[in-house]
Amino acid sequence: MAASVSLAVGSLVWVEDPDTAWIDGEVVEIKGEDIKVLCTSGKTVAVKASNVYHIDTEAPPCGVDDMTRLSYLHEPGVLQNLRSRYDMNEIYTYTGSILIAVNPFMRLPHLYDIHMMAQYKGAAFGELSPHPFAVADAAYRQMIHEGISQSILVSGESGAGKTESTKLLMRYLAYMGGRAATEGRTVEQQVLESNPVLEAFGNAKTVRNNNSSRFGKFVEIQFDQKGRISGAAVRTYLLERSRVCQVSDPERNYHCFYMLCAAPPEEVQKYKLGNPRTFHYLNQSNCYELDGVDDSKEYIDTRRAMEIVGISNDEQDAIFRVVAAILHLGNIEFAKGKEMDSSLPKDEKSHFHLTTASELLMCDVKALEDSLCKRVIVTRDETITKWLDPESAVLSRDALAKTLYSRLFDWIVDKINNSIGQDPNSKVLIGVLDIYGFESFKTNSFEQFCINLTNEKLQQHFNQHVFKMEQEEYTKEEIDWSYIEFVDNQDILDLIEKKPGGIIALLDEACMFPRSTNETFAQKLYQTFNNHKRFSKPKLARSDFTIHHYAGDVTYQTELFLDKNKDYVVAEHQGLLNASTCAFVASLFPPSPEESSNKSKFSSIGSRFKQQLVSLLETLSSTEPHYIRCVKPNNLLKPAIFESKNVLQQLRCGGVMEAIRISCAGYPTRKPFDEFVDRFGILAPEVLDGRNDEVTACKKLMEKVRLDGYQIGKTKVFLRAGQMAELDARRTEVLGRSASIIQRKVRAYLSRRTFILIRRSAVQMQAACRGQLARVLYESMRRKAACLRIQTDLRMYVARKAYREICFSAISIQAGIRGMAAREDLRFRRQTRAAIIIQSHCRRYLAWLQYTRLKKAAITTQCAWRGRIARKELRTLKMAARETGALQAAKNKLEKQVEELTWRLQLEKRMRADLEEAKTLEIRSYNLLCKKCN
Ligand SMILES: Nc1ncnc2c1ncn2[C@@H]1O[C@H](COP(=O)(O)OP(=O)(O)OP(=O)(O)O)[C@@H](O)[C@H]1O
């Protein structure tokens with residue numbers, strides 16, 4: 001599938017892209033092997049010419065419905081084809097006889113209704129659009145015509161649509177092989193109704209699918225000689241037991257637990273249930289409800305389906321009692337007991353759940369407690385009772401819950417099988433296999449190991465069918481062919497399941513040896529498969545191992561391999577439930593031969609599963625297989641999102657790419673000589689003149705149509721991919737051309753005959769009629785003329801009368817109109833006058849109103865002004881008063897000063913007078929003295 005066509009600048013090519021797998025672009029530079037491509041994303045990448053692929057510019061925009069018809073058959077071409085079809089809701093595409101189904105993640109009811117089934121009934125494979133009905137129809141017809149059992153293998157990763165496709169196949173087979181219900185339930189009805197029952201107990205919401213089947217399923221539908229469904233059997237594989245006790249967020253436990261919690265109140269009360277959030281086995285995840293799913297309705301529907309598949313009311317009751325008991329078991333917690341390393345129910349709540357579980361399971365409550373908290377060890381000399389510490393008691397409780405659930409599931413499957421019944425006289429069957437696809441996660445445990453073993457087995461079966469059969473056919477037919485390489489995975493199968501020495505055998509050995517641990521098991525694997533090319537030890541890993549599977553490398557973590565592989569029922573659990581007074585519960589744990597010795601019987605899940613696979617493969621090998629590969633277009637589980645990288649990985653894992661390569665490398669179409677000549681003889685009618693045998697006729701025919709590369713075998717013509725389509729196109733062209741020639745000739749003959757007949761009749765009629773006609777014509781013309789005259793007179797009279805009447809009416813109308821107009825005018829004038837008066841009243845009123853308002857405003861304004869002036873005058877007066885006060889004070893002061901001055905003046909005057917007096921006195925004294933002295 002490498003790029004084979006030479007490149008030029010401007011060529012449109014696909015280039016590998018880390019994000020989208022392949023991206024388209026244009027070659028912008030070529031330097032030998034090195035080229036540069038300008039991608040549509042805008043970036044330019046440098047690549048080797050051998051790593052790019054041509055874009056088929058002439059490919060139909062809506063894709064082709066069989067990929068082997070693609071002109072350029074390479075990965076990007078295949079992806080582009082699937083994507084273009086998916087964009088138009090064409091979710092099914094063939095690759096030869098393999099049907100690829102891309103999950104639409106939305107309901108497309110028109111694709112599956114009864115009219116669609118009617119269309120596919122009996123239609124040749126490939127004649128109508130690809131569809132699971134076409135695959136089922138081909139299987140059904142092949143079974144009827146050739147008497148060979150058929151199988152349809154549906155594969156794909158979780159959420160890819162396997163179960164939905166399986167249901168469609170079963171519906172179509174029930175439609176083809178159904179019979180009118182005479183009384184009660186028909187086999188096909190029971191087969192169809194077994195689906196909801198199995199889904200209720202075996203399906204759960206996971207991150208990858210809201211309704212994920214946690215088990216593999218092979219449904220065998222048996223048919224009688226008339227092609228009617230006469231019996232059926234369901235085989236199931238490897239139910240995921242760990243989910244019963246361990247649910248990670250945001251997943252759910254099995255649907256039946258939530259349905260029972262949502263059952264009608266009386267049922268919920270009967271089983272002492274309630275909100276799922278109160279149960280340990282359900283509340284480890286926060287997801288309780290599913291979008292668009294009503295658990296209470298599902299409960300009713302499941303009970304109805306159980307009834308249809310033949311599960312009686314008592315049995316249904318017992319089943320749901322066990323389901324409820326498991327929930328109660330999960331709520332029993334343990335605390336340390338008085339003895340060393342012993343345990344007992346932790347509190348009142350735990351006692352309540354213990355008692356309820358024992359009531360529901362109808363067993364002794366003390367015996368139940370002992371079976372959870374103690375172990376009896378039988379030695380040659382004595383029987384020792386050993387206590388379990390609280391952690392071991394929890395493990396014991398979970399083991400009991402898991403065993404109970406898986407036994408319950410097996411019982412339901414057996415019941416369905418017994419109730420539908422198998423037809424011992426049936427010679428043919430159609431088996432539909434819905435089994436988990438290849439898985440590779442971050443952490444891969446024992447489950448992934450088993451699932452990938454299944455896929456290796458199925459891949460080998462696919463290889464054998466598609467490739468080995470192909471080449472065997474070439475050899476048998478003695479045609480020239482070059483050996484087509486294909487990856488045979490027998491070595492991986494030997495690595496896993498060879499006995500002795502394979503991984504499963506070593507695991508069983510480790511499980512039986514008491515001192516084994518996961519590390520010792522891993523070490524054993526490293527030693528044994530040191531040089532095995534399909535096995536490797538990851539660097540730094542101490543107990544992981546990697547297997548190089550056909551679909552890619554998977555690294556497994558061995559941590560829980562030993563525990564998960566051990567498939568024994570604890571003797572105490574077995575004894576307890578076998579002694580239940582409920583016949584149903586006791587029947588889930590029938591006594592085993594080893595029980596008498598009270599020893600736990602070892603059995604390995606791996607080996608049992610391997611055996612189941614051997615038996616499945618045996619059945620498949622005795623049937624003619626058909627393949628449906630389901631593809632999940634995105635991990636968001638949303639419609640209209642096509643993640644190319646993701647899809648490509650799935651196509652590789654499903655072997656689709658390899659199948660395309662091999663099919664196209666060989667001769668995908670072959671036809672027996674007689675069929676070939678029958679079909680295409682029309683392309684060279686001269687070779688069918690009886691002188692050529694079939695082989696020569698075929699050769700001459702192919703020479704005439706100039707097709708190369710075909711091969712003539714011993715019984716068949718072998719055609720290269722696309723050659724059949726080309727021959728068919730030419731045949732259709734010739735048939736079309738011949739049909740138009742025949743149509744043209746027949747039409748011409750018929751027209752000519754009709755024409756001659758008509759012409760003859762016409763001539764005779766003309767001759768007979770012409771004379772008669774002429775007479776009749778003359779007479780009628782004469783009458784016509786007379787009539788015309790009368791008509792004219794009449795018309796004149798009528799016209800005159802009408803004119804007069806019109807004039808009169810016109811005058812009276814005019815008079816009427818005028819009177820009316822005058823009245824109208826008068827009324828108008830009156831109204832106008834009244835209006836004027838009203839207006840003048842209004843105006844006057846308005847003027848008065850305005851005047852009043854203005855007056856009021858003026859008064860208010862005046863008041864305001866006067867107030868303001870008064871305030872101003874008051875202020876002036878106050879100021880004047882203040883000034884007058886000051887003047888008065890000054891005057892008083894001055895008067896005081898004048899008074900003081902006057903007083904001082906008087907004082908001076910008095911002092912002067914005193915002084916004068918003193919002077920006079922002095923003089924007198926002097927004079928006296930003088931007199932005395934003298
Ligand atoms: N043909 C279809 N038309 C519409 N929806 C589909 C179709 N096929 C699948 N789906 C949707 O995809 C979901 C997953 O499909 P389904 O359960 O068949 O997957 P699966 O491959 O069986 O997964 P698992 O292995 O987990 O059981 C369905 O619940 C449904 O919603």
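Just so it is clear, glycine is given a Cβ too, placed from its N, Cα and C backbone atoms.
In TrEMBL, annotation is done automatically, which means it is predicted and not curated.
According to TrEMBL, the protein carries these features:
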- 8-57: domain 'Myosin N-terminal SH3-like' (DOMAIN)
- 62-732: domain 'Myosin motor' (DOMAIN)
- G156, E157, S158, G159, A160, G161, K162, T163: ATP binding site (BINDING)
- 613-635: region 'Actin-binding' (REGION)
- 877-924: coiled coil (COILED)
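When the binding-site residues G156, E157, G159, K162, T163 are checked against ligand 1, G156, G159, K162, T163 have a Cβ within less than 6 Å of one of its atoms. Classification of T163 (ATP binding site) by DSSP places it within a helix.
When the region 'Actin-binding' (613-635) is classified with DSSP, helix, strand and coil residues number 9 helix, 8 strand, 6 coil.
Summary of the ATP site environment: with the site residues G156, E157, S158, G159, A160, G161, K162, T163 set aside, the chain residues having Cβ atoms within 8 Å of the Cβ mean position are N103, N209, G437, C630, K632. For G156 (ATP binding site), the number of other Cβ atoms no farther than 10 Å from its own Cβ, over all displayed protein chains, is 26. Within the same chain, residues 82, 86, 97-103, 105, 132, 135, 138-139, 142, 146, 148-162, 165, 169, 208, 218, 220, 235, 237, 429-431, 433, 437, 453-454, 457, 461-462, 465, 641-643, 646-647, 650-651, 654-656 sit at least 6 positions outside the region 'Actin-binding' (613-635) and bring their C-beta atoms closer than 8 Å to a C-beta of that stretch.
The average pLDDT the prediction assigns to the coiled coil (877-924) is 88. According to DSSP, the secondary structure content of the domain 'Myosin N-terminal SH3-like' (8-57) in residues is 3 helix, 30 strand, 17 coil.
Here the binding-site residues are E157, S158, A160, K162, and the one whose Cβ sees the fewest other Cβ atoms within 10 Å is S158.
Under 8 Å, Cβ to Cβ, and six or more positions away along its own chain, T163 (ATP binding site) finds N195, E199, N203, N211, S213, D434. Taking Cβ-Cβ distances under 8 Å and a sequence separation of 6 or more, the neighbours of G161 (ATP binding site) in its chain are A101, N103, C630, V631, K632.
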